[in-house]
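Okay, so here's the structure we're looking at.
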Amino acid sequence: METQDHTLYVLLGPTGVGKTDLSLDIAERLGSPIISADSRQIFRELPIGTAAPTPEQRARVPHLFVGTHSVRDYYSAGMYEVEVLEALKELFRKYRGVLLTGGSMMYIDAVCRGIDDIPDPFPEVREELYARYAAEGLDGILAQLRLLDPDYYAKVDRRNYKRVIHGLEICLSTGRPFSSFHRHEAKERPFRIVKIGLYREREELCKRIDARVLEMMEQGLEEEARAVYPLRHLNALNTVGYKEMFEYFDGSIDRAEAVRRIQRNSRVYARKQMTWFRRDSTIRWFHPEADKGTVLTLVT
C-alpha cells in the first residue's frame, strides 16, 4: 500500500447527528464497504440500542465490524486496531478509498493514531480492588486513583467502576500512572487519512436524540434489554440505553423515567463526543444535509 494511492475516509460525529445516511452515500461513491467504528455495534445482541445498520442498509452497502461478537466476548480498542488494519490491507488491494464511520472516540483514535500496549494487571491486584469495591464502594478507590494518576482521574467517567478499577489496577501493578501508557505520538500509517466531522446546532441535535430514543423504544429496545438483563454485569452492557432499562427492570425507576434518562444520558454523551473531537485540528466540519454535496466531492 502506498500512502499517496490509498485513502481512509473517517466520517465521525456525535450520536444522532446523521452519520448513517451520509455514510451510505459516501460508500456507494467509493464503491467499497463501510468499516464501523462503534464500540457497541460490534455486539450482535444490541442492534436496536446501538442504532446498528439495518439489514436493508447492509444489503445496500456491506458493513464490517457490526454484529461480529457476543456481549460475552472480551473486546478492546487494541484488538480493534489490529483487526481493522488487517482488514484495510485486504480492502486497499481492491479499492483506492475506504470509509470508516462511527462515534467511538477510542476506536477512531486506535485506527488513526494507534494505541500503546498496556500490560495486564496482576490478578491478585484486580481481585483485591473488586473486593474493596464490593465492601466499601468506589469512593476510596477513586481517592487512590486521584493520588496515583490525577490525569486519568480528571477524564475518566467516575461512575464507571470498571474503568476506574482498571486505571488503578494498572497503576498498582506497574508502578506507573495508567495515563502514561497512552500514546502521544501517532503511529505512521501506510495510507492517507481524511477526517470528515458532522455537526448540528445543539438544540437541533438534542431534538434528534430525544426523537431517536422514542423510535428505539417503538422498535423494541425494552425487549432487547430484557433479553440481555441476566448479563447486566458485563462491561459491554454498561452503556446508555441498557443501564437505564436495567434500573427500570430492578424497580428503582418507572418506564417513563428510564426513557427520560436514556435521552438525557445520550445528550450528555454527545456533548462528551464533541469535546473529544474538537481537540483534533485535522477534522473538517460539515453539516450533514447543507454540506452533503461538498462532502461527496471530497471522496471523488
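Every residue, even glycine, has its Cβ placed from backbone N, Cα and C.
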2-5, 38-41, 174-177, 182-185 - the one Swiss-Prot records as region 'Interaction with substrate tRNA':
38-41
Gly16, Gly18: which of these binding-site residues has the highest Cβ count within 10 Å of its own Cβ?
Gly16
Which of these recorded positions has the least crowded Cβ, counting other Cβ atoms within 10 Å: Thr15, Thr20, Ser104?
Thr20
Residues satisfying Cβ distance under 8 Å from Arg126 (site 'Interaction with substrate tRNA'), sequence separation of at least 6:
Ile165, Glu169
The region 'Interaction with substrate tRNA' (38-41), counted residue by residue under DSSP: helix, strand, coil:
0 helix, 0 strand, 4 coil
Rounded to an integer, what is the Cα-Cα distance in Å between Gly13 (ATP binding site) and Ser104 (site 'Interaction with substrate tRNA')?
9
